[in-house]
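Enquirer: The substrate binding site annotation in Swiss-Prot covers MET50, GLY198 and is backed by sequence analysis. If you look up Swiss-Prot, you'll see ARG125, THR171 marked as ATP binding site, on the strength of sequence analysis.
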Amino acid sequence: MQPDLHCRTLAAHTLKHFRALSPLTHCMTNDVVQTFTANTLLALGASPAMVIDPVEARPFAAIANALLVNVGTLTASRAEAMRAAVESAYDAKTPWTLDPVAVGALEFRRRFCLDLLSLRPAAIRGNASEILALSGMALGGRGVDTTEAALAALPAAQALARQIDCIVVVTGEVDYVTNGQRTLSIPGGDPLMTRIVGTGCALSAVVAASCALPGAALDNVASACCWMKLAGQTAAERSEGPGSFIPAFLDALYHLDVEAANEEN
């Protein structure tokens, strides 16, 4: 199954809808990236909420437009809160997205993520090693770092998407987005995106928010990847290194004009 190149014209159209809806996105993410994740969503026009207590997480997940579960700094108490939120989202038909950070390297989070799959995520976003591990095809990876190219994990992503009936995103130099039947590729970005903490985690939040949009989920999620790739390219051109990249990236998201970028390329 050969991937198709995602259309930037569609990404521009989707961004207009995203900004108009401003999806309320419940982010249960890791401690390292909370601020950057919230700022990424705000820059694009979404409304982030970082509700993590088990007592509050369950009811809030039911009223949010989307939920993100990121297991980067997972603890037993946080797993309890995440499970409560996912169950609530499932009952309320709120789309939720799983970011299985380092799932192949640590047994506790691997079992937790596998258990959550029965509650039908709308999307899963991970690097190649994480997707391979979650699909059961391989274990390993260096924590949050991947040891595989995204394309190598594409068959696993397609199989996982069919098994769970969801969208699976494998990120790398080229991102691949699949529903198991159709696959889209999104090139672009810049190596500087890998030299700061949180771009992948922030993408997962944007993917989660995009799942709240009407229309084809595959196209909406691929559009989310496209926005982040374009902003990364722009930010890299305007920065001198990781320290100046972060504010440039947030500015690029805020001013993102996919149609103009499409004309330039």
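Cβ atoms here come from the backbone N, Cα and C positions, even for glycine.
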Enquirer: Express the distance between the Cα positions of GLY198 (substrate binding site) and THR171 (ATP binding site) as a whole number of Å.
Expert: 13
Enquirer: Between THR171 (ATP binding site) and MET50 (substrate binding site), what C-alpha distance do you get in Å?
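Expert: Cα-Cα distance, THR171 (ATP binding site) to MET50 (substrate binding site): 24 Å.
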Enquirer: Count the other Cβ atoms sitting within 10 Å of the Cβ of GLY198 (substrate binding site), across every protein chain shown.
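Expert: The Cβ of GLY198 (substrate binding site) has 22 Cβ neighbours within 10 Å.
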Enquirer: Rounded to an integer, what is the Cα-Cα distance in Å between MET50 (substrate binding site) and ARG125 (ATP binding site)?
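Expert: It is 19 Å, counting Cα to Cα.
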Enquirer: Find, for the listed binding-site residues MET50, ARG125, THR171, the residue with the lowest Cβ contact count at a 10 Å cut-off, counting only other Cβ atoms.
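Expert: Looking at the binding-site residues MET50, ARG125, THR171, the Cβ with the fewest others within 10 Å is that of MET50.
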